[in-house]
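Structure record follows, encoded as structure tokens.
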Amino acid sequence: MFSGLKQRAPPPVPPPKVTLNARAPYPREDIDSDMSSVDFRNYRVQFPVTPDNHPLSLSVEAINPLVSAKIEEHYVSSSLFSGGFNSVTRAHLMDRITDSDPSGGAVAAKSTGCAVKGCDGKVMRNGRGEELLPCECEFKICHDCFDDAVKSGGMCPGCKEPYKATDVEEVARIDGEKKAVALRRLPAPPPKDDAATMDRRLSVVRSMKGAEFDHNRWLFETKGTYGYGNAIWPEDAAEIDQKGGGGGGDDGGGAEKAPPKDLASKAWRPLTRKLSIPAAVLSPYRLLILIRMVVLGFFLHWRIRHKNEDAIWLWGMSVICELWFAFSWLLDQLPKLSPVNRVTDLKVLKEKFESPSPTNPAGKSDLPGVDVFVSTADPAKEPPLVTANTILSILAADYPVEKLACYVSDDGGALLNFEAMAEAASFAAMWVPFCRKHGIEPRNPESYFGLKRDPFKDKVRPDFVRDRRRLKREYDEFKVRTNALPESIRRRSDAFHAREELKAARQQRQEALAAAAAVHADEEPLLEPIKIPKATWMADGTHWPGTWINPAPEHTRGDHAGIIQVMLKPSADEPIFGFGAGADDSISNHEDDGGAGAHAASTVLDLSDVDVRLPMLVYMSREKRPGYDHNKKAGAMNALVRASAVLSNGPFMLNLDCDHYIYNSQALREGMCFMMDRGGDRICYVQFPQRFEGIDPSDRYANHNTVFFDINMRALDGLQGPVYVGTGCLFRRMALYGFDPPRSKPISGGGCCGICFPGRRGTKQQDIETHALRMEEDEAMNMYSFPRKFGNSSFLIDSIAVAEFQGRPLADHPSVKNGRPPGALLIPRVPLDASTVAEAVSVVSSWYEDKTEWGASVGWIYGSVTEDVVTGYRMHNRGWRSIYCVTKRDAFRGTAPINLTDRLHQVLRWATGSVEIFFSRNNALLAGRKLKFLQRIAYLNVAIYPFTSIFLIVYCFLPALSLFSGQFIVQTLNVTFLVYLLAITICLVLLAVLEIKWSGIALEEWWRNEQFWLIGGTSAHLAAVVQGLLKVFAGIEISFTLTSKSAGDDEDDEFADLYIVKWSSLMIPPLTIIFLNVIAIAVGVSRTIYAVIPQWSKLLGGVFFSFWVLAHLYPFVKGLTGRRGRTPTIVYVWAGLLAITISLLWIAIKPPSSANSQIGGSFSFP
């Protein structure tokens, strides 16, 4: 039920009750009996009294359908929708969203409050809720101030001109006459049999109302085919004139169409190119891998045959560790055999999709839509200002405005995030046109205004300096307003709470007095204090439906209603240009055309030649209820997928973390080049590398992770594609829906190349399921099985085929299979209505995923803390391939934890997810035959690498044990051992040099990665193995805290977090290794010096490997010392405990001889 508008003046007219059954839900199969008591299929919606559905009097002519659609769209974009399980869906009309912006940010373009200084009353309105403006200058005034102005001379406080009408009823009558005249001047709607109506009916947005998408009928009615001549090209004007004018006379001279033009004369150009690594670098690299494999084989064979009889336990541990290291290196190295580089051609993309052509005379964009997802959960750890900057960079992206939509998922349901997004939407009205006007890069205001380079370089417009200065001031004010929101919300809530308490106390007193008077009591009754739940209040004086600051039932982080607010409605199809600086608001009003805020920006900037439209922006907080598993981030992402399918249904989706912003405004176009190129319909996602800001110059803890992003990911791109890493990824919606790629054939058998577990995937039932998920043209889609997979929303199910068709590449070449005709996406988007948003609220409810395959085979996969890797693995396992897109200018940038403790906890979460993958059915050993062999090896390495920590930590203790015992892992340091060691080391160094050569990373970055590999392997990876085993075998769930995105307390130091020492139990193993090796070196040197027969070879071997361990742990030591050498006390405590423990163990293992009373055994100190 929608609520939020006041009823019309008496006599009241009951609002009409409508049952949303225009699209009958598809039957859901296999519903359990315990869910039969709840009816999910039908729900009633009570529409409030709005200007387009309220009964009109007979004296007023019917409203034009175009006007009705605009009014409905404005109503939807100005309302906050909430609802959920066993509760009605309500639409609350927001007249203001934040205290600082009475207009509600970008929801309404103009203020709804009285413009008289010092008055906070509401503007006069008529019976329909429309504003009454008594003066032609459109100065907004409330009823009381209007009466005062009439009594004081009838002068308008705004323009100082006399009012034409001094009575409210007269003002309403004049306003009604103006609107009636405006309605008569509107152009009549096109006739139903017009060709434009046919085009709109055939729009990919409107076409899928039935159960199936008839491609043959679509192609027949649009006169299109696949391949060359995919549309009937009209004749040129000159040819028409030669045939007699083209008027279409009865003789048929001008009506005869010419044959399609020969397109072979124009060369077809691809959108992307694959650049192979030069053979001069790649061939030696592959040869060195082979040589090192051979050397490792001979070395391990020699080590096994030559035992150390004096210390067989030391030899056994070392050989086992070395065997595992060789196996682990092989898993990591084999997928690197075929690295590739790729480049895109944005000029060809613009030529194919945005240049005038016979099928696109106006040169409109024929690119598919993109829905961008931004996820946040806790405003305390993910500051709203950071999220707002990410939103602004998305809204300013260089992509067709009408094809772009941004969705913000607030999984905590905090009012702070909601109002921060409203502030961002308001500021976007100035920031986005400024970026378009001057070609700003990057389009994140915080990063742009914080650039250390010259901001005026390559800027030629004379007004750039003035515009930049004004925007900087506006942004500073925006930051102050955003940072003040927590205090503003608290004070507002306290004020409203105090008012409610006074109101309740007054009512209680009145009831008590009435009761006393009824019984003729003379004494004043005693009243008990009233306790009212302290709610969180919105700026318009209503309760926030999400999480309250002081939790209450149905208003906590795990128990609140679903919320959807369309903060920026879908933009108009045609460009809307702004006005010159200081233009009067009365010149024009773009509010109905998607240009909300254009006049506000024009008062600051000259936007006369700038498109001021803004992309669609939606705030969403999914419903959470006790007793439901909400599946953390993966559940939030799936809710975004469903809501976006209902509201905008972009065939491609880009997901970003709240701290990852668009650094390259053309990043979306770069990714679209791969999706729209030949064979792009088989690409499930395009993964961009992660780049980070705010990292210390030395990158102490390998935060940039360049070895992974520039070596491993490039190498995987030469196989079946890179793994999905959680952010900066452009998805194909159909791949996330669990469909097989086009032109794929079912393959029976499974396991490792069909040998292991041969019958796992060859059952008849599973083959039927795979066949039902295929979207090829010659196969009918089993629409009646969709509710069991996708849920019972008919809106969502109808959108599936639309998204599949929109995501196809252009059929402009014979080799392009499964393409779409040019110009198929030129039809404007259908405006939003209340029923659509109500359906979006329904699909984000807590119950919607019950008895469906969301999280199992559809959407983000549940059951792992690293849902990103599992989701990408499932797509590759179905036969899809992915692409790694490295742009010349970084596509996205974000922040990473530079504090040691935060970094270790981040690595712990990743490693724990890998352990879960290893013990689940997502293990690559159980993959199907569609997963390529080397890709399978890569995914197997992802699941196995944490177990290397067990052998690594043992190997790091071996040098200390060797020095303590006076033995070594080999009998003697003979020439054979040294030659093998030298050969392995030289191969490793040469491989590193060649990897640096073809990847472009620096030697220091490679060394930092090696150091943190050992730090993480001896700390976080070991803890991950323990926690993963506890979860798999003992059922103990693991909870992780979000990585903080905020900076340190020292605002003057950019790297203050680097020096903060926060103790964690993860630091115990590496700290123990450090002290043990230092003490062992001292003991070994002392024993050798004072020994009768010094064993220098064994000492050198142990000391060398101890220094190898300590060199890798050096960044860890620097992290513990903090700033200016302030080492925490806990470090000294652990050092003392270790020294005492080692001394006692040494005495217990090798006590002093009775014949020698000197302390220390066989040697004495001088």
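One-based numbering along the chain as shown.
From the backbone N, Cα and C atoms, a Cβ is placed for every residue, glycine too.
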1-33, 100-132, 463-495 - the one TrEMBL records as region 'Disordered': 1-33
Spatial neighbours of D411 (active site) among the recorded positions S375, K381, K632, K633, D868 [C-alpha, 10 Å]: S375, K632, K633
Length of the line joining the Cα atoms of E382 (UDP-alpha-D-glucose binding site) and D868 (active site), in Å: 20
Length of the line joining the Cα atoms of K633 (Mn(2+) binding site) and K381 (UDP-alpha-D-glucose binding site), in Å: 15
Maximum Cβ pairs under 8 Å to the transmembrane segment (973-994) - stretch from the list 275-300, 938-961, 1071-1093, 1099-1117: 275-300
D868 (active site) and K632 (UDP-alpha-D-glucose binding site), distance between Cα atoms, whole Å: 12
Distance from D657 (Mn(2+) binding site) back to S375 (UDP-alpha-D-glucose binding site), taken between C-alpha atoms, in Å: 6
Contacting positions for the transmembrane segment (275-300) when only residues 6+ beyond its ends and CB under 8 Å are counted: 319, 322-323, 326, 329-330, 333, 336-337, 339-343, 980, 983-984, 987-988, 990-991, 994-995, 997-998
Entry from the binding-site residues list K381, K632, K633 having the most other CB atoms no farther than 10 A: K633
For the transmembrane segment (938-961), distant same-chain residues with Cβ under 8 A (at least six beyond the ends): 314, 317-318, 320-321, 324-325, 328, 331-332, 335, 716, 719, 723, 869, 873, 876, 911-912, 914-915, 917-918, 923-925, 927, 931, 969, 1014, 1017-1018, 1021-1022, 1024-1025, 1028, 1069, 1073, 1076-1077, 1079-1080, 1102-1103, 1105-1106, 1108-1109
Nonlocal residues around D657 (Mn(2+) binding site), in sequence order (Cβ under 8 Å, 6 or more apart): V374, S375, G726, T727, G894
